[in-house]
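These notes are about the structure you will find just below.
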Amino acid sequence: MGHLSAPLHRVRVPWQGLLLTASLLTFWNPPTTAQLTTESMPFNVAEGKEVLLLVHNLPQQLFGYSWYKGERVDGNRQIVGYAIGTQQATPGPANSGRETIYPNASLLIQNVTQNDTGFYTLQVIKSDLVNEEATGQFHVYPELPKPSISSNNSNPVEDKDAVAFTCEPETQDTTYLWWINNQSLPVSPRLQLSNGNRTLTLLSVTRNDTGPYECEIQNPVSANRSDPVTLNVTYGPDTPTISPSDTYYRPGANLSLSCYAASNPPAQYSWLINGTFQQSTQELFIPNITVNNSGSYTCHANNSVTGCNRTTVKTIIVTELSPVVAKPQIKASKTTVTGDKDSVNLTCSTNDTGISIRWFFKNQSLPSSERMKLSQGNTTLSINPVKREDAGTYWCEVFNPISKNQSDPIMLNVNYNALPQENGLSPGAIAGIVIGVVALVALIAVALACFLHFGKTGRASDQRDLTEHKPSVSNHTQDHSNDPPNKMNEVTYSTLNFEAQQPTQPTSASPSLTATEIIYSEVKKQ
């Protein structure tokens, strides 16, 4: 049996492995009852790198140990054996020269390949000739190269073709991801993934699908992304537009028209005037135009790749009408009016001819109203009668097919002088109250005059009655001594009657005076 000790020390081991080995040899002191195990460091290994099969809980008092490729001890698949007494390693049939065994039974495999993927079994031979085994494993993945994207159609036609992208190369145990415009793949019914996500298909390509597109490949040990790829989507032409948008021109002006239609590749243009071909250019220029240049101008756009054609027709009118309309003026019959009483006339004045007039109220077109009338030609606006809601700003606009201009605004103020009925008594109610008060005062005055008159007459009559009874009283007085003692005293009664008309007064809680009051006056003889 040959000795492996010399090759063992000639193997180049990275400094990380040497550091790990030193630590294992220095501090390894497993408990005697622990189970023998192995650990792959790392478990997932990149192809061309190295892996260490680290042993834990190695028993004491051993004769030696051996490593085997697979999940069981098989002499034909022995990698290496190690005798502790001689500290010599002996290669087995499965040894590739890339393996290194350490005194602590750990096994280092360098420059691994995908064929190294799998299980490895350690067998330890104890001094009591009882063997103990432990199995570990690791997986070797390729170091992924930079992928690339292939396409079945790099110049698809919009709304017609489909495009299939494929991420190359095909690699086992690899994940494929796609990116569009530096974003992960969106959810869309037009995007389909197949072949383990290696193939991305775009259905019914549009001009917005130009990209860029990228594919990324990943495995547990590496990742890489392709260079971006863009699509050259052919489309168009869309309906062309002619600029500028002006329709009216003055004689003597220069006519310069430009045509544009979105298209890929760029469209080819041609011009027709009144149906007659003029030239094959994108721009059309006619100097010093006259009224004879009025007519229909047609722009024709063509895409030779898509085979599509589009046209646009624009009408040009050359006229003597003023290209600039002067600013009009508004004149008002009055600017402050009384609501529901007054009317007002607003007149829009301009020196231009061949123009039209329209009116605006509070930044809006003049509303339709039976009270608002426009004269022929819209020169005068009449409002009759003016209402509260008619207050605000008015202005007029004069325009022709070439230009327009607006007047300064004018403010219409609407006043209301009548007192609102809901805030007090109506004028009729106030007049009724005044008349009632005057009538009441007159009745009281008449009643008082009657009372004073009848009162004076009553006092005079009473005075006469008293005078007539005085002699009797006197006689009774004089004859007092002659009266018999038992004779009753004579009593004379005077009656005063006062009659007065009761005046009309408002209803009151106090009782009314009686029509007649009787006063009795008693005169006794002494």
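Each position is counted from 1, following the chain as shown.
Any Cβ shown, glycine's included, is placed from N, Cα and C.
The domain 'Ig-like C2-type 2' annotation in Swiss-Prot covers 237-317 and is backed by sequence analysis.
Broken down with DSSP, the domain 'Ig-like C2-type 3' (323-413) shows 6 helix, 43 strand, 42 coil. Look at Swiss-Prot and you will find 323-413 tagged as domain 'Ig-like C2-type 3'.
Per Swiss-Prot, the feature N-linked glycosylation site maps to ASN104 (among others); the stated evidence is experimental evidence. Taking all protein chains in view, 15 other C-beta atoms sit within 10 angstroms of the C-beta of ASN104 (N-linked glycosylation site).
Secondary structure from DSSP puts ASN111 (N-linked glycosylation site) in coil. Cβ-based neighbour count (10 Å, all protein chains) for ASN111 (N-linked glycosylation site) stands at 12. Look at Swiss-Prot and you will find ASN111 (among others) tagged as N-linked glycosylation site, backed by experimental evidence.
Less than 8 angstroms from the CB of ASN115 (N-linked glycosylation site) sit VAL140, each of them six or more residues away in the same chain. Annotated N-linked glycosylation site per Swiss-Prot: ASN115 (among others), in sequence order, evidence recorded as sequence analysis.
Positions annotated as N-linked glycosylation site by Swiss-Prot: ASN182 (among others). Following the DSSP three-state reduction, the secondary structure of ASN182 (N-linked glycosylation site) is coil.
Summarising the environment of ASN208 (N-linked glycosylation site), the number of other Cβ atoms within 10 Å of its Cβ, over all protein chains shown, is 9. What Swiss-Prot records for ASN208 (among others) is N-linked glycosylation site.
The N-linked glycosylation site annotation in Swiss-Prot covers ASN224 (among others). Cβ neighbour count for ASN224 (N-linked glycosylation site): 14 (other Cβ atoms within 10 Å of its Cβ, all protein chains included).
Feature annotation from Swiss-Prot assigns N-linked glycosylation site to ASN232 (among others). Under the DSSP three-state reduction, ASN232 (N-linked glycosylation site) is assigned to coil, being neither helix nor strand.
Positions annotated as N-linked glycosylation site by Swiss-Prot: ASN288 (among others). For ASN288 (N-linked glycosylation site), the count of additional Cβ atoms within 10 Å of its Cβ stands at 10 [all protein chains shown]. In the three-state DSSP assignment, the secondary structure recorded for ASN288 (N-linked glycosylation site) is coil.
Counting every protein chain shown, 8 other Cβ atoms lie within 10 Å of the Cβ of ASN292 (N-linked glycosylation site). According to Swiss-Prot, the feature N-linked glycosylation site maps to ASN292 (among others), an assignment based on sequence analysis.
DSSP assigns ASN309 (N-linked glycosylation site) to a strand. Among the features that Swiss-Prot reports, N-linked glycosylation site is placed at ASN309 (among others), with the record citing sequence analysis.
Neighbour count (other Cβ atoms within 10 Å of the Cβ, all protein chains): 15 for ASN345 (N-linked glycosylation site). If you look up Swiss-Prot, you'll see ASN345 (among others) marked as N-linked glycosylation site, on the strength of sequence analysis.
The N-linked glycosylation site annotation in Swiss-Prot covers ASN405 (among others) and rests on experimental evidence.
Annotation source Swiss-Prot lists phosphoserine at SER508, citing similarity to another entry.
Positions annotated as region 'Required for homophilic binding' by Swiss-Prot, on the basis of similarity to another entry: 39-142. In the predicted model, the region 'Required for homophilic binding' (39-142) shows an average pLDDT of 93.
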- Minimum Cβ neighbour count within 10 Å among the glycosylation sites ASN182, ASN232, ASN309: which residue? ASN182
- Tally the residues of the region 'Required for homophilic binding' (39-142) by DSSP class, grouping H, G and I as helix, E and B as strand, and everything else as coil. 6 helix, 56 strand, 42 coil
- May I ask which of the glycosylation sites ASN104, ASN111, ASN224, ASN292, ASN345 is closest to ASN232 (N-linked glycosylation site) if we compare their C-alpha atoms? ASN224
- Message: Quick check: of the glycosylation sites listed here (ASN104, ASN111, ASN208), which one has the Cα closest to that of ASN288 (N-linked glycosylation site)?
- Response: ASN208
- Listed in sequence order, the residues of the same chain lying six or more positions from ASN405 (N-linked glycosylation site) whose CB sits under 8 Å from its CB are VAL324, VAL325, ALA326, LYS327, PRO328, GLU397, VAL398, PHE399
